[in-house]
Structures are given as C-alpha cells and as structure tokens.
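J.: Okay, handing you the structure first.
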Amino acid sequence: MTAAVFFGCTFIAFGPAIALFVFTVSREPLRVIFLIAGAFFWLVSLLLSSLVWFISVQISDKNNPSQQKGLLIFGVVLSVLLQETFRFAYYKLLKKANEGLLTLSQEETMPISIKQLAYVSGLGFGFMSGAFSVVNILADSAGPGTVGIHGDSQHYFLSSAFMTMAIILLHMFWGVVFFDACEKQRWWAVAAVIVSHLTVSCLTFQNPEYVASLVPTYVIMFLMGVWAFYCAGGSLRNLKLCLTCTDKDFLLANHRAR
Amino acid sequence: MDLLPNKWISSLFICCFITGLSCNSVEKKIYVKLNYTVPCVRLLNATHQIGCQSSLSGDVGVLHVLESEDNLDWVLNTGHSPPYMVILEAELFTRSIMLKLKSGARRVAGVVVIEPNTNLPGGFSPHTTCPNENTGVYTDKYDPALAHCNHTLWNPLGNGLSYEEFDFPIFSLKDDNDTQVIRQCYLDHNRGVNGSAPEYPLCAMQLFSHMSAVTDTPTCIRRNKIQNDFSISPEMVCDPLGGSNIWTSTRPINNTQKGHKMFESVVIAAARLDSRSFFFDLAPGAQSSASGLIALLAAAQALKNITETEETQPNKTIVFTFFEGETFDYIGSSKMVYDMENEQFALDLDNVHSVLEVGQVGIRPSNSAIWFHSDPVSQRNDSVKAEILRSMFDNTENLNMSYPPGLTPEQQLSFVTETAAVAQLLYGFLVKSNNSWFQQIIPSDFVRSLVDRPTNFYTGVHMQKSEPSFLVEYILANLTGTVVNVTQENCKNQRENADDKESKHLYSYIWVQGALAPNSTKRDSFCVRSSVRLSPAISPAFDLEQLTTSDYSTWTESRWKKITGRIFLVASHDLEMLTLESASPSCSRLFFYLRDQLKGRYSVLLRERTH
C-alpha cells in the first residue's frame with residue numbers, strides 16, 4: 001500500500017503551496033500569468049546551471065569521489081547564484097513590464113502592485129523548485145519498495161517531502177524580501193537573501209542526518225517568514241487587530257450586515 | 001541569430017537525453033535487480049494448464065528461507081507478515097512441500113528454488129511416473145494390460161511436479177553472488193531476535209512472470225484467432241510446441257516425390273531430440289536425450305563408410321531420424337506418421353520394415369547394463385532405472401562425465417576416452433556448443449547460435465528452431481555427407497552446377513564455414529552434400545483443428561511480456577499510514593481555517609502603518 005506514501009508525500013510537499021495558489025492567486029489572471037513566468041525563469045536558471053555542471057562532470061575524473069563531491073558543492077553554489085541572478089533579472093523585467101502596462105492601461109493606478117508581484121514570483125519559483133526536487137522521488141515512492149536495502153535511511157521519502165515544503169515556502173519569502181530590498185535599494189538585504197539561500201542548500205549536504213538539515217531549515221524558514229511579513233507591510237499591531245477581529249473595516253462591515 | 005538558439009537548444013536536449021538514459025539513482029537506492037532468473041512458465045493442453053504464473057503487476061512477498069518441512073508452519077500459519085516469498089534449497093523442492101505451499105495460496109507470494117552446484121544424491125524427477133501416459137503405444141485399445149504403466153513403472157522416482165498448476169511464480173536462481181545477497185538480506189532483516197517476530201523494515205522480493213494464456217489450448221487458440229481477425233496489432237497469447245524433425249538415409253531418397261516408394265523397405269533408426277525440466281529453458285537432457293542421439297550420430301558416422309561401397313551395402317536402407325517434441329506426447333513422431341498416412345512424406349508406412357529407437361544409453365559405473373525392449377511381449381526385462389528422467393540435474397554429472405582439472409576448452413574437446421566422435425559430441429552437447437569443431441561444421445550465418453553453456457534441450461515453440469535440432473542437422477550432414485567441389489553460389493542454390501536441376505530431389509547442400517586457416521581469421525569454407533532433410537514437427541491436432549483430441553499432442557506454450565525479479569525493503573503498514581495522516585492536517589485544514597478567518601482581510605494584515 002505505498003500509494004499511501006505517494007499521496008502523503010505529495011500533500012506534505014505541495015499542500016501549503018497549492019492552498020496558497022488556490023486561495024490567493026487563482027482568481028486573478030494577472031497573478032497567474034506572472035506566477036507561471038516566474039516558474040519559467042527559475043527553470044531557465046536550473047537549465048543553465050545543470051548544463052554547466054553536466055559538462056564539468058563529463059570533463060572530470062569520474063572515479064575520484066572527492067572530486068565528484070567537490071563538483072557537487074560547486075554545482076549547488078552555482079545553481080543558487082544563478083537562481084538569485086534570475087530572480088533579479090525577473091525583477092528588472094517586471095519593472096519594465098509595469099511601466100509598459102501602465103502606459104497601455106486606461107486606469108491611473110497599476111493593475112498589480114510590486115508587492116503582489118514579489119509574492120507570486122516567489123511562489124512561482126517555489127513551485128518549480130519543488131517540482132524538480134521531489135517529483136522524481138514521488139515516482140519511485142509509488143512502487144512496492146522503500147529505501148534502505150543498501151543501508152540508507154528509511155525516512156528518505158518523508159524528509160524529502162518536508163524539505164520540499166520548506167523550500168517552496170522559503171522561495172516565496174525570499175521573493176518578497178528580495179523585491180522589497182531592490183525597491184528600497186537595500187543591497188545588504190539582497191545579500192542576506194542570497195546567503196540564507198546558500199545556507200539552506202548547503203544544509204542538505206548533512207543528509208542523511210535529517211534532523212541536522214531539517215531543523216535549521218525550518219528555523220530559517222520561520223525567520224524569513226517573519227521578515228517577509230514585515231517587508232510586506234505587516235506589523236504586530238495589524239496582526240493583533242486582525243486576529244481579534246477589532247479593526248475598523250471588520251467592525252464597519254459587520255455593523256452594516258446586521 | 002535564429003540558428004544559434006536552435007543549435008543551443010538542440011544540444012541541450014541531447015545532453016538532457018543522455019543524462020536521462022542513465023539509471024535513476026533513487027531507484028538504485030531501493031531495488032536490487034536479479035540478474036539470472038529462470039522462471040517456470042505456463043503450458044497448456046487440450047484440457048489443462050500446467051506451470052506457474054504471477055499476477056500482472058508482479059507478486060511481492062517477504063523473504064523467508066525455508067529450513068525444513070516443519071518450518072512451513074511459519075509461512076502458512078503463524079508468520080506475522082504474509083504473503084511470503086519462500087526460498088527453497090534444492091533438497092526441499094519436493095512434492096509434499098510444493099503441494100502444501102500450493103494450498104496456502106493467500107500467504108504464499110512465490111517460490112524461489114536455488115540450483116545447487118552438485119546433483120542431489122537420491123535422484124530427482126519432476127516428470128510423471130508414467131510419461132506420455134495417454135499417447136503411448138499401449139492404450140486401452142491396444143494391449144490394455146500394459147497401458148498406464150500397469151506392468152512396469154518407467155519413472156518410479158517421478159513426482160509429477162512439472163504437471164501441476166501453481167498460481168504463484170516459481171523461479172530458479174543459481175547459487176552465486178546474487179543469491180548470497182538475498183540470503184544476507186534475509187539474515188539481516190527478516191530474522192527476529194531471540195525468537196520474537198522480526199521488525200520492519202523487512203526484506204522482500206517481487207517476481208514478474210505473467211502469462212497471457214489461460215485455461216487450455218482450445219481457449220488460447222480461439223483467442224489467437226480473435227486477435228488475428230479483429231485487432232490492428234494482434235497479440236498472440238500462445239504458440240504450439242514443436243520444431244523440425246531431422247532425417248537422413250544411407251541411400252538417397254527422392255524427397256520431392258511424396259508417398260509410397262516402390263521397392264523401398266527401410267529400417268528407421270530413431271532417437272529423440274528434446275527433453276525438459278520444471279523450469280523453462282533449463283533442460284540439460286544428458287541421459288534423457290543426449291545419450292541416445294549421440295549414440296545414433298556415432299552409429300550413422302560409422303555406417304557411412306560401409307554404405308558407400310556397393311559390396312558392403314546392406315539390402316535395406318537405414319533412415320536415421322531424430323524426432324523433436326517427443327517429451328510432449330510424441331509431437332515429432334506423430335506428425336511424421338500423419339504425413340506418411342497422407343502422402344506428405346517421402347516414404348509411406350508400407351515402406352517401413354522396422355523401427356529401432358535408441359534411448360537412454362549412457363552407461364554409469366553403478367549400473368553398467370543396457371536394456372533392450374521389444375514389442376510384442378515375449379520376453380520382458382526390467383527397464384533401465386530412469387533415475388534422473390527429465391530434470392535439471394540431467395547433466396554431465398549424471399553421465400559421470402568429467403575432465404581432469406586445468407584443461408583448456410580445446411583440450412577438453414579433444415580429450416578422448418572413447419571414440420573421438422563420441423567424445424567431441426559429448427563435449428559439444430553437454431559442456432559448450434561454442435567449440436572449434438562445431439564452429440567448423442555450421443554455415444557462417446549461424447555462428448551466433450552457438451553458446452558457451454550446455455545445450456538447452458527444451459523443444460520450445462514450433463517457430464523457433466531448438467538448439468539440438470540446429471546442431472544435429474549440421475552434425476549429421478558433416479558426418480554422413482560428402483565434401484563436393486561446388487561453388488558457393490551453386491551450393492546455396494542446391495545444385496552441382498548451373499544446369500543441374502535433379503540433384504535437389506535427392507540431396508541437400510550446405511555451405512559450411514570450415515576450419516580457421518592458421519594465423520588468420522579466414523576460414524576454408526566448403527560445400528557438403530548429404531541426404532539430411534527437415535520435416536515439420538508440429539502436432540497434427542493443429543492441422544486438423546481438433547484441439548480437444550486425445551490422439552495427438554495438443555501442447556502449447558503461453559506467451560509473456562516480462563520475466564524479471566528484484567529485491568528491496570518494505571516499510572511497515574503503520575509508517576505508511578502515518579505518512580498519509582501527517583499530510584492532511586498540516587496543510588489543508590489549517591488553510592481552510594485561515595481562509596475563513598481572513599476572507600477579504602488581507603489588506604488589514606498588510607496595511608502600512610498610518611499615522
């Protein structure tokens with residue numbers, strides 16, 4: 001019955017992302033378009049970095065394990081840097097597109113704000129990154145066997161799914177922080193995003209000690225989440241008002257409904 | 001500008017394709033594929049199906065190495081994690097154990113038998129005690145006292161396993177490194193500590209051997225017809241067994257003129273070409289068939305010199321015949337008789353004076369007598385004790401064939417203990433058919449059919465030439481024929497020269513490779529003229545379309561798609577359900593709740609602080 005493992009891991013990995021997509025993005029066509037474009041940008045960055053890694057592996061000595069490990073680290077670092085470069089490129093493209101959209105549209109205001117763009121582009125990056133991380137593993141989890149006959153840990157599928165969930169949400173937070181930092185010209189924030197991305201990717205080298213890689217990743221995810229919340233305009237006061245249902249809009253709306 | 005991205009993209013695709021071809025690394029972490037697997041396949045006849053099959057998506061079972069017959073209780077009753085894949089050493093592959101496993105079908109996923117390196121001491125035969133019981137000479141109508149082995153049991157050790165039906169897969173593995181991996185996996189994971197139940201994860205095996213045909217031959221032939229008539233790409237489900245009979249004669253017989261030949265009175269000297277075992281394609285057949293046919297081939301060679309000169313020629317022609325498919329209710333011989341009766345063969349039944357069959361004649365030190373049987377009954381001797389009839393143990397060890405250690409294959413081939421021809425034939429059939437003598441006597445197109453292992457005597461489906469028939473055809477041509485000075489083109493067109501139209505009725509011509517010239521790769525090829533002919537060996541039941549008959553053989557072999565096996569670990573059921581449960585609440589429920597709460601209130605949450 002490893003259909004159970006397959007569906008379980010799928011929902012763990014993609015559940016939050018799909019829920020976010022369904023409830024916040026799917027209603028607005030512009031957001032959907034920019035999400036898919038963001039996913040495409042991530043895909044191109046992966047293609048480039050994998051091409052470089054593939055060529056370097058073919059050139060190298062295949063029988064030297066330390067060289068292969070070194071190449072892998074190099075590949076990961078290169079991939080992270082390329083992803084962030086493409087995120088920046090996407091930001092530039094969106095700024096130009098926004099100007100174009102503004103001149104074309106009839107209205108005075110922008111149809112989509114840069115903050116929303118940051119969110120959907122981050123989510124798009126996250127979707128594509130999650131797909132490439134975990135679809136391969138999901139396909140094999142549907143078979144009758146589980147990992148372990150050569151001595152690997154049994155929790156391979158589960159921890160891969162949790163890691164993927166973390167990475168998808170992290171991409172979304174990074175997108176928000178990154179775009180906000182670029183808007184306000186805060187380059188130290190951009191560097192922090194890149195450094196945290198590198199940290200999370202390099203934490204996966206701790207596998208198969210899954211605790212050592214998953215726990216710090218979730219801590220970083222929580223911290224980035226808080227930072228993204230503040231970048232997007234949230235604050236503790238707003239949070240309190242929202243959760244206790246005592247803000248002006250809510251009171252007015254409910255008063256009218258009654 | 002347009003060309004550059006295209007080239008770049010196409011090279012990217014090629015790179016990605018090449019990487020995709022290499023094995024998926026996650027799959028390598030999970031599964032270990034078995035390299036050498038010999039399955040037991042399904043055979044069908046007019047009324048039954050025999051053999052084994054797996055389900056369409058393979059059968060998965062937790063490994064269990066059976067220690068003794070009493071240990072079956074764990075598999076059938078007390079084990080905590082059925083279904084089990086039972087691993088049997090060869091001594092435990094007995095009828096009583098297999099029938100008990102058959103009865104515990106829900107808890108048995110399959111059986112794996114380990115081929116031992118030496119033969120079992122007591123002998124073993126999975127065939128029935130009375131082979132070809134219903135199609136033999138003695139039936140209820142002809143000397144019923146001798147029918148159904150009432151008088152003499154020909155195969156007393158037979159346990160009849162080959163003729164049982166199993167609905168789980170049964171495979172055979174060699175006792176090599178792969179099997180050691182399996183045993184180690186079992187010892188590491190499937191043995192509980194101090195007699196308690198073993199803990200997950202457990203080592204398991206999956207076997208694929210799904211057979212397309214079911215029920216019996218009339219059903220599968222009918223389904224073949226339906227596929228042929230109605231399907232765009234027809235998928236056959238079964239094929240009749242058979243092949244070709246090989247025959248030759250001491251004096252040339254006109255093969256184009258069928259039917260009765262005036263003034264011909266022949267003696268048929270026959271041997272059988274095939275054998276079988278419980279497992280598919282694993283039929284060494286040393287005593288069952290090789291001994292007889294090698295003896296007959298040696299006799300044909302010896303008689304060749306005598307029959308060439310007029311003075312010493314016997315007054316009856318001797319027809320040496322090698323019948324295919326005799327194991328399965330006499331396919332070859334019944335077809336030849338049917339052809340004789342219907343004037344489809346070069347001779348007629350009236351031309352036949354007598355028949356001599358050379359059977360199991362391999363002398364063993366423990367039993368140095370050879371028995372001669374005749375019919376009708378006047379004197380009756382006991383039969384040769386057919387101890388290893390038609391099993392996978394009927395190999396060189398059974399015939400007490402051994403070579404001093406340290407000989408190269410060439411030296412083994414020419415290791416003469418008896419007549420040179422017999423020694424070389426024994427080597428070629430029972431040790432390695434890819435040897436220098438066999439390479440010389442076959443046409444160059446068929447060099448790839450020679451193999452580095454003992455010949456497989458299983459008759460197989462009728463479209464495919466079985467290994468012994470292919471070898472016997474060319475051996476017989478070379479041993480009984482003459483070398484003629486004919487060009488390659490004429491030889492291949494069955495004529496002596498460009499105007500010759502008569503020779504092909506009497507003779508057949510084969511262009512053989514010949515010996516390797518020293519220090520070169522070229523061969524001195526030449527033409528051999530002989531009287532060797534092939535005649536079809538497919539049961540008359542299929543020509544007559546009487547598939548429910550009991551007069552002729554109706555054996556067919558099922559077709560299949562995939563025969564493979566692999567081992568891996570299985571996780572406990574609880575861990576899998578935990579994975580599924582941990583998914584649902586963490587994601588959707590939380591967001592459903594948040595969505596209800598935050599409907600339209602995002603702006604509040606993300607509003608800039610206004611002063």
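Yeah, the Cβs are placed from backbone N, Cα and C, and that goes for glycine too.
From a predicted model like this one, the values you see are computed outputs, not experimental measurements.
According to TrEMBL:
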- A:6-25: transmembrane segment (TRANSMEM)
- A:32-59: transmembrane segment (TRANSMEM)
- A:71-90: transmembrane segment (TRANSMEM)
- A:117-139: transmembrane segment (TRANSMEM)
- A:159-179: transmembrane segment (TRANSMEM)
- A:186-206: transmembrane segment (TRANSMEM)
- A:212-230: transmembrane segment (TRANSMEM)
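Surface or core, plus neighbours and distances: that's what I need for these features.
T.: Panel annotation: around the transmembrane segment (A:6-25), residues 31-32, 35, 119-120, 123, 126-127, 130, 133-134, 137-138, 141-142, 157-158, 160-162, 164-165, 168-169, 172 of the same chain, lying at least six beyond its termini, place a Cβ under 8 Å from a Cβ of the stretch.
Cβ atoms under 8 Å from those of the transmembrane segment (A:32-59) belong to residues 21, 25-26, 68, 71, 74-75, 78-79, 82-83, 85-87, 89-90, 94, 112, 117, 120-125, 127-129, 132, 175 of the same chain, restricted to positions at least 6 beyond its ends.
Remote same-chain partners of the transmembrane segment (A:186-206), defined as residues 6 or more beyond its termini with a Cβ less than 8 Å from a stretch Cβ, comprise 73, 76-77, 79-81, 83-84, 88, 163, 166-167, 170, 174, 177-178, 180, 212-213, 216-217, 220, 224.
Listed by sequence, the residues of this chain that lie at least six past the ends of the transmembrane segment (A:212-230) yet keep a Cβ under 8 A from its Cβ atoms are 159, 162-163, 166-167, 169-170, 172-174, 176-177, 196, 199-200, 203-206.
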